[in-house]
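Take a look at the structure below.
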Amino acid sequence: MNTNDLLTIGGQSFSSRLLLGTGKYRDFAVMQDALGASGTQIVTVAIRRVELKAPGHDGLLDALDLDRFQLLPNTAGCRTAEEAVRVAKLARAATGVSWLKLEVIPDPKYLLPDPIGTLRAAEILVGEGFTVLPYVQPDGVLARALEAVGCATVMPLASPIGTGKGLRTPELIRTVIDGAGVPIVVDAGLGVPSDAAQALELGADAVLVNTAIAEARDPVAMARAFALGVEAGRLGYLAGRMQQRDSASPSSPAAGVVRLPDPEVPA
């Protein structure tokens, strides 16, 4: 891998293009091993008011080596822009980190993000000095609007959170990628390493994965597999794919081929 091919977000550069979530692991030890196997440098954690005081949540931040990872608090569970802004400020006060994965999700069934609320919250939070990474549906117009208000990335979903269905709308994700002036991080719904490779092949700058690794039979092995998928996809994108054709094209030239005479047919 070209060590000069870095992912730059909010003025910071990273050699890994795989971001990881920290939820759904059976214990902290498995989570730590998976993070290590993935090579990730950015990890996201849900920080809500109730979780900061709830038994079982204590220790998550202690389990993360914050000298090794860029912490990315998120507003998972927030249903309105106003709630997301409040939780973002709480997260910054609790962690000292201004990076934020912005999630505004009013829909409890399909967990699809609210574009209007996300844009409104993003504008407020950027003005408050946050480095905002908004989670959105794949919409090129919305992506440009989020970029215009100062978001550090745009994070279009591949498919609904936790479904593992992969890239269901690659054409729409391409509209987000095309013309983007900030990194595009495909998030949610990736199920297998080939999904990550496909996202990077399309031109996405990175992917964020959680459930596909945490719920794998062997999370550590799956974390490594996703790292390889991301690397393969990025290399394939940089190498430039062949032109697609409607008709077949032989890989070996026909010129110079020795042709035998047709066998005689008995009378």
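Every residue, even glycine, has its Cβ placed from backbone N, Cα and C.
Residues or ranges marked as active site, schiff-base intermediate with DXP in Swiss-Prot: Lys101. According to DSSP, Lys101 (active site, schiff-base intermediate with DXP) sits within a strand segment.
In the three-state DSSP scheme, Thr211 (1-deoxy-D-xylulose 5-phosphate binding site) is classed as helix. Residues or ranges marked as 1-deoxy-D-xylulose 5-phosphate binding site by Swiss-Prot on the basis of sequence analysis: Gly162, Ala188, Gly189, Asn210, Thr211.
Taken from Swiss-Prot, the feature region 'Disordered' applies to 243-267.
In this view, the densest Cβ surroundings among the binding-site residues Asn210, Thr211 belong to Asn210, judged by other Cβ atoms lying within 10 Å. Within the same chain, residues at least 6 positions away in sequence whose Cβ sits under 8 Å from that of Ala188 (1-deoxy-D-xylulose 5-phosphate binding site) are Tyr135, Leu157, Ala158, Ser159, Pro160, Ile161, Gly162, Leu208. Here the binding-site residues are Gly162, Gly189, and the one ringed by the most other CB atoms within 10 angstroms is Gly189. The 1-deoxy-D-xylulose 5-phosphate site is set by Gly162, Ala188, Gly189, Asn210, Thr211; from the centre of their CB atoms, other residues of the chain with a CB within 8 Å are Gly21, Pro160, Ile161, Thr163, Gly164, Asp187, Leu190, Val209, Ala212. Counting in whole angstrom, Thr211 (1-deoxy-D-xylulose 5-phosphate binding site) lies 17 from Lys101 (active site, schiff-base intermediate with DXP) by their C-alpha atoms.
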